[in-house]
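Reviewing the structure listed below.
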Amino acid sequence: MKTPFSKMDGLGNQIIVADMRESTQALTPQAILALSADPEMHFDQIMAIRNPTKNEADFHIEIWNADGSKAKACGNGTRCVIAWLTDHNFGENFRLEAPTGIIEGKRQADNLISVDMGCPNFNAKEMPVSREIVDTNHIDITAGPLKDACLISIGNLHAIFFVENDVQHIPLEKYGPKLEHDPLFPERCNISIACITSKKSLNLRTWERGAGLTQACGSAACAGAVAAYRRSLTQRHIDVNLPGGKLNIFYREDDHIIMTGPIKYQFSGFLNPLTGCYKKDNS
């Protein structure tokens, strides 16, 4: 069984886009873990493109983390899907049926990819948390120097910790796993540290739920930008500098978050969704 795929790079976020429109076969845990363990195919997320189940959508996407768990959102992965669709002549503007609802995206004139990530959710009663939270702008959770987080859902849950010094000096590989698995988060959580560099920019590092330390996380960049604006630290339209590069985030007055940035192709080929075996297309 051959499934076309492209290995892509969304600012260092390693993404596999798999064209599963002609298949009813699900990706098996065996296949996902085999691909994740392969040095060349190792990924942060797999974005599986399927035919839509809703009339208002052009395509349906499933999202898988490297540990085999399902994800509800992946901003950089969605940008890679939009790029793949435009490069395969499906159009320029798309409505994608994602786990969190309909997501709109398009290719810009400058070849950057923009995605409307929808509206953030600050209501703790609608978040998978284990205790009552009165104010999601300031939650009582601590790990080492990290404290006083802002909790936001961008379809998936994010905790943003603001620090005064550069984000590279904090060992997120040490504190990230502890916070991801904190009892407050029964379904785990994405953990980011942010440092404000100006009213128009911030630096961000992320420990991603189910993927670990990543070069970039699009939904975390959105959460970081919104959290900074909520605390009156930045403007609505800012650059978020990640280890893998820069994303432009615009938190519009209608509450929608627009994320824009580049993507790169690495290689394409065919994979077996049952086993994870794959072959590059050298044509």
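In case you wondered, yes, glycine gets a Cβ from its N, Cα and C as well.
Taking a C-beta cut-off of under 8 angstroms and a sequence separation of 6 or more, ARG209 (substrate binding site) has the following same-chain neighbours: ASN65, ALA71, ASN156, LEU157, GLU180, ARG188, CYS189, ASN190. Per Swiss-Prot, the feature substrate binding site maps to ASN13, GLN45, ASN65, GLY75, ASN76, ASN156, ASN190, GLU208, ARG209, GLY218, SER219.
What Swiss-Prot records for CYS74 is active site, proton donor, and it gives sequence analysis as the kind of evidence. Sequence-distant contacts of CYS74 (active site, proton donor), defined as residues of its own chain at least six apart whose C-beta falls under 8 angstroms from its C-beta, comprise ILE15, ASP44, GLN45, MET47, ILE63, GLY218, SER219.
Here Swiss-Prot flags CYS217 as active site, proton acceptor. When Cβ atoms from all protein chains are considered, those within 10 Å of CYS217 (active site, proton acceptor) total 37, not counting its own.
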Taking the centre of the Cβ atoms of ASN13, GLN45, ASN65, GLY75, ASN76, ASN156, ASN190, GLU208, ARG209, GLY218, SER219 as the substrate site, the remaining residues of that chain with Cβ inside 8 Å are ASP44, ALA71, ALA73, CYS74, GLY77, THR206, ALA211, THR214, CYS217, ALA220
Same-chain residues at least 6 positions away from ASN13 (substrate binding site) with a Cβ under 8 Å from its Cβ, in sequence order, are ASP44, GLN45, ASN76, GLY77, THR214, GLN215, ALA216, CYS217, GLY218, GLY244
ASN13, GLN45, ASN65, GLY75, ASN76, ASN156, ASN190, GLU208, ARG209, GLY218, SER219 bind substrate per the record; greatest CA separation between any two, in Å, is 17
SER219 (substrate binding site), Cβ-centred 10 Å count of other Cβ atoms over all protein chains shown, is 30
Most Cβ neighbours within 10 Å, among the binding-site residues ASN65, ASN76, ASN190, goes to ASN76
